[in-house]
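Feature annotations, courtesy of TrEMBL:
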type   : residues : note
DOMAIN : 48-191   : domain 'NACHT'
REPEAT : 582-623  : repeat 'WD'
REPEAT : 624-665  : repeat 'WD'
REPEAT : 666-707  : repeat 'WD'
REPEAT : 795-820  : repeat 'WD'
REPEAT : 828-861  : repeat 'WD'
REPEAT : 870-911  : repeat 'WD'
REPEAT : 912-953  : repeat 'WD'
């Protein structure tokens, strides 16, 4: 568990930082120990937060390193700390901060690990890495901080300004938690940044220590540091006393209280190329101030014989997403390929005022160096613009991956080998492309226009090899994310994609652009379906993944010759209509809405939350918390930047999609809010409530502009037909009213009706009648058509497609029906409860259905289940596992069966029948004699491999969610091959452990 939690050990980070900066000099930080502000924070129980702030290069990080050392010396002090660094991905996000802090707390007080174990037992490592990691870790850390057993502790976070991802959430956490208990004290540091100041100024029990306001103390500390560095130089360069004193005088006179300036100048003077006789002339060439110094260094680089190399390296270092190795650098720069390692190191050393090399990894000496290159020196480093630099990294990434990636790159040979049994060979054939494999799409995104021709060719040629490499690196989730970004780019530039190819603009035809997107979507489907298999048995990308892939799959057709076993498996004909099944809500899914670009789905639930989902990946991006009751309705603004949610707590909340933050709370209703809608221009919001009113709100200010009243106590839906016209349905009165401003413009009525829906343009209105037929009414004329129904099922939800030509219904028999021209067009089955909510994507290609079984299903409108031959699974394969000796494969399917396969012969040996619902997971016992299967029928079954007979049925679950089967193997078998059960509380009330 601790191994999963640990992404980096902050203690090691501290050691590295001190070593990189030449060691920690006590005399350079001891001033703060006697400072009144520090002593007040330390000694006053009411002073919870010490905030140290100052400009770049003022020594904040080393100051905190010194404080940590001094506080450690005091008996009884426990410290947990973290050093943020913007240039390193694992150190630059809020989630990583919490992981590091929690890790150090648990190292010092292991008894608190119970707060982590409760969640970790269900989610495993993904608890700390998936899209909800911040929220899970936040809850864990709060529980730890509130635990009475927690010993007094000091929490220290350095460089808040270098927390690139999730800074608002981290600041909010600090603001909320720092005043709560005197047992926990906080120290944070940051640059002088307005965004941070605005937040931390809200903390009452804080002490702000401004370095610029303590200029004399800082200057004295810098002078001490200068004396130390000059003594070092004098010993190494054998200065005489006159030279030594001259160097010290110049540094003291020009340092301006900046440690970094001193360090950079001394680094240049220490260069063997600077002769002792040239010391003073060289010294005088360095101007005071960081930016002037960087400018001088840039001029020196520009005048050198290696200027072209240096500028290319600086450009690449400035745009990459994480520090890269020497091997990765050579792969990203064609001009560097012919250089050997020593020559490359020499050139990087020539960039020494900006870059440093540690264990063959290239880092910036300081964040200010990267800032300077990206801003003041941008025209020098990026003469054609940053986008061209990104384009270069993207293109070279494709070249390198084409060169290095191949099938079975680690020469594993055995198709059933587990990822846990793989050892990285030396030299590592993936070393040059580890960066490229993960980040190539990020550079494509930032190098617009998009080169879709090159990307399409790469995906078609190297897709399986790329996935194999990602699996080896345990980076498949990054690959899934990359494909999602790529799909968004394709959609953005379709139907006519402008491409930059060989330095000339070409036009890609709508047909080829559409075909490229089609192949990419098939590749995404392939990875989402078989990713869990590939992640564990990477070579099965060429085995069971291809074998069980639908016969019409573009990936299967393109790469079938790579298939190494199971050649006789026919597979299903086409992908099933079910694209994703989302299970994260802990209550019924009540309402859903797609973003205008159809890339994001918002779902509201009885669990009082709203969740945002990446539609392509099927993953949750944000959980929006704040409502105190069931969230009845959710909708996106026309530009997709905001989400509005209506709740039974009588409020409407407006959320930012990008951050998940609540922008405003609209209060005024006195009863449940049933519906919410944005105006077409996004400037207004309408909300309908059981208090008999519709309120119109200003989106920007949150103020109520007008109130429409005169309704019964149950308003169904509200929407806008134009910028100012509001359309409202009154359930009990059976009326639809159209308002223009505050004037009733049109009203028509019929029978009392149940669930309702408006078309996207509000020209059509659908209402479920008492006999469960659906009436579709034209809001302009009142003319109505009836969709008759005779199956006896209750219609729980109804929705129009964007073009209004399809009507979707969610039914009490757990199905979703699509009707066209009054005739049944599609039926989708996968829910285990009433389909309580339903919505179409804006492009009409997908339907999302929510159910009282807590799940949300995403369906492809174009697909329906096809007939299968008796030898095949008749629906999608959800899980594949291999016996320990690799000779038998087991596949679990949505057709409720498990099949056992002879891997060598490629034939089915047994079909295991007994489950009454989709089989989500299968696993073999360690000796290979038994197979366990987990199903949505709330049971686990144990089967004998030799006979195909069911040995036992494990019952006890009352609800099955996808997340509960992630660790089936570990839960089913102990070392003696036997099964043991332990009863736990119910959401998954019994786990078999």
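Cβ atoms are placed via backbone N, Cα and C, with glycine included.
Whatever TrEMBL says is automated annotation, not expert-curated.
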**Asked** What are the DSSP helix/strand/coil residue counts across the repeat 'WD' (912-953)?
**Response** 0 helix, 23 strand, 19 coil
**Request:** Could you give me the DSSP helix, strand and coil counts for the domain 'NACHT' (48-191)?
**Result:** 79 helix, 25 strand, 40 coil
**Fill in**
Beyond a gap of at least 6 residues from its ends, the CB atoms lying under 8 Å from the repeat 'WD' (795-820) belong to 754-761, 763-764, 766-768, 772, 774, 776, 787, 789, 826-829, 831-844, 847, 849-851, 853, 857, 859, 861
**Prompt:** Could you count the residues of the repeat 'WD' (795-820) that DSSP puts in helix, in strand and in coil?
**Reply:** 0 helix, 18 strand, 8 coil
